[in-house]
Amino acid sequence: MRLISLLLFVLLLAIQYPLWLGKGGWLRVWELNHQVQEQATRNQMLKLRNAKLEGEVKDLQDGTGAIEERARYELGMVKDGEVFVQFVAPAPKVSATPPLPPPPNSPAATGRH
C-alpha cells in the first residue's frame with residue numbers, strides 16, 4: 001500500500017510539472033498575458049499620438065491658420081504693419097571679481113566702531 005501511495009504521488013508530480021513549469025504552463029501564460037497588457041498600453045499611446053499628428057496634418061492641409069501660427073511662433077515672422085515686442089527677464093548681476101577685504105586698520109576689520 002505504501003508503494004502504491006508513493007507511486008501515485010510521483011505520478012501526480014510528473015503530471016503537475018508540465019502544468020506549472022512546462023512550455024505551455026501557467027507561468028508562461030502569465031508572462032504572455034503581462035506582455036500583452038504592456039503592448040496594449042503602448043498601442044494606446046501610439047494611437048493617441050497618431051490622432052494628434054493626423055489632426056495637425058489636416059490643419060496644415062486645409063487651413064491657413066495653422067500655417068500662419070507656425071510661421072509666427074517657430075520662425076518669428078510678422079505681418080505687414082505689425083511690431084514684434086519681446087520682454088526678456090533681466091539676468092542677475094554677477095560680479096566678475098570678489099569684494100576686497102577691509103584694510104587691517106579699519107573699524108570693520110578690528111570689530112570697533
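Every residue gets a Cβ built from N, Cα and C, even glycine.
What Swiss-Prot says about this protein:
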type	residues	note
TRANSMEM	4-21	transmembrane segment
TOPO_DOM	22-113	topological domain 'Periplasmic'
COILED	34-63	coiled coil
REGION	93-113	region 'Disordered'
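A Cβ distance under 8 Å defines the sequence-distant neighbours of the coiled coil (34-63), meaning residues of its chain 6+ beyond its ends; there are none. Mean predicted confidence for the topological domain 'Periplasmic' (22-113): the pLDDT average there is 83. For the topological domain 'Periplasmic' (22-113), the DSSP-based tally of helix, strand and coil residues reads 52 helix, 0 strand, 40 coil.
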